[in-house]
C-alpha cells in the first residue's frame, strides 16, 4: 500500500510541474517584449552622419581692440579742519549751591517725621518685648541630690558583736573565769567536806579577784587606743558621717 501511494504522489507532482512550465512558455510566446535599440547602434549612426556632412569655410572672427577709456582725474579736495571744542570751566561748589539751594522743609513736616520715627522705635521695643516673653524660658537645672551610700561593715560573723578589742586581737586566749563560792578549795566541792586546803587559799583568791577587773580595764583602754590609731582616716570620716545622718 505504501509503494502504491508513493508512486501516485510522484506521478501527480510530475504532472503539476509540467503544466506550470508549459503555461509559462506559452504566455511568453504570446506576449513578446519589443526590444529597444541598443546604445552602440545609435552612437554609430550619429558618428556616420557627422562624417557625411559637407565642410563649409568659416571666416575668422574680427579682432576687436580694447580701447581704454581715460577717466577724468578727480580734483583733490583739501581736508576740512577739525573743530576742537572749547573746554568749559567746571562749576565750583559755591556756584552749585547758589544754583540749587536746599529747600528747607516746613516745620509741620519735620514734626510729622519725628513723630513717625518715635512710633517706629516704640513699636520695635514692643515687638522685642513680646518676642522675649514668647520665648520659652529655660528651666533651672536641678542639682543632683547627693545620696550618701551606706557603708557596709567589712567584718561578718560573730566578731562584729565582740567590738574593737576583738578586731585588734582576733585570736586572743581567754583565761579561766573566777568562780566565787568554792567550798574547801575544790572547784566542785561539797559543803560537808572537811579539807583544809580551801581555807588556806581564800586570801589569795580574794586578792586576785580584786586585781583582775582593774587589769581588764587597763588592757581594754590600751587596745582601744591601738585600734583607733590603726583605723584608716577615710573609714573613720565615713563612720562619723554615717552616725551623724542616723
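Note: Cβ is positioned from N, Cα and C throughout, glycine not excepted.
It is 225-246, from the ranges 159-180, 225-246, that Swiss-Prot records as region 'Disordered'. Among the ranges 8-28, 29-49, the one that Swiss-Prot lists as transmembrane segment is 8-28.
For the topological domain 'Periplasmic' (29-246), the model gives a mean pLDDT of 65.
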